[in-house]
């Protein structure tokens, strides 16, 4: 058994050479991904990268153009959504406004013609797990955003789904509520033990919640890894630009700062630019922007723009000259391959 086959055998969900899209238009081609049981995996990418199309193909809402979707080793590629045993939590939770929380959670069970006793038992079980047993008589309008989120997750779990798909459920929330909801979803996932596939365009969502992040760009995987790996060891220039905030160094400036010629592209994160360095490069301070926990300093170095992130109140004055250096080993260099 080769490495890929072993990974698929050990995974609760596998995408094998999956082609995703619409008739006449392939959005994602030849996607391979293995998701471990109980993992929290984010599909991260800009608009149009194909992440939501992948999620809908896993759910069966969008037919696969090629390849296979395997759930616990079983090929579910051709199965309709209701037979896939995966739950989905939509962007706006998609709760029925005229139904109580109990009725929302029970809906799929009643469609499946489960007995009244079984409906009450299973709804009661997932409601207790999700911490909403005391909310079951309420309608969505009378519940907080966090309570609605729990109802949506309970509804997705009540049919026995072990894999939950989240289609950008935080995208319409303000920053403070969004941060609270991130913690809530991650807590529920950890406590209930389900496998989560979470689609987002927001890197903060992915970095704070995920065991594994799959970065998509123009229908292809740029890199797969945990947040720390993506941030500190980016595999491509796109990752440098998309994850965190980086300076792209012009070749002459890269040569001056790194001490060797760069035939390609090089990047330096704002926090890795050091001011006040011994034997550094002279830099002019153009602008200082206070951002609360840190400040951004825009610099000009030998005609090239560069930005630094500083923490604390000791900030240079605009128009002054500072000595600039870089954190050793912090630059990300992608040399051109010649051949």
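The backbone N, Cα and C atoms fix where each Cβ goes, and this holds for glycine too.
As given in Swiss-Prot:
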DOMAIN    13-243  domain 'ABC transporter'
BINDING   45, 46, 47, 48, 49, 50, 51, 52  ATP binding site
Neighbourhood of residue 49 (ATP binding site), C-beta criterion under 8 angstroms, separation at least six: 216, 217, 218, 219
Number of other Cβ atoms within 10 Å of the Cβ of residue 47 (ATP binding site) across all protein chains: 7
Three-state secondary structure, which DSSP defines for residue 50 (ATP binding site): coil
Cβ neighbour count within 10 Å of residue 46 (ATP binding site): 13
Distant-in-sequence Cβ neighbours of residue 52 (ATP binding site), under 8 Å, six or more positions away: 167, 168, 199
Cβ contacts of residue 50 (ATP binding site) (under 8 Å, same chain, 6 or more positions away): 20, 21, 27, 28, 216, 218, 219
Position of peak Cβ density within 10 Å, selected from the binding-site residues 45, 48: 45
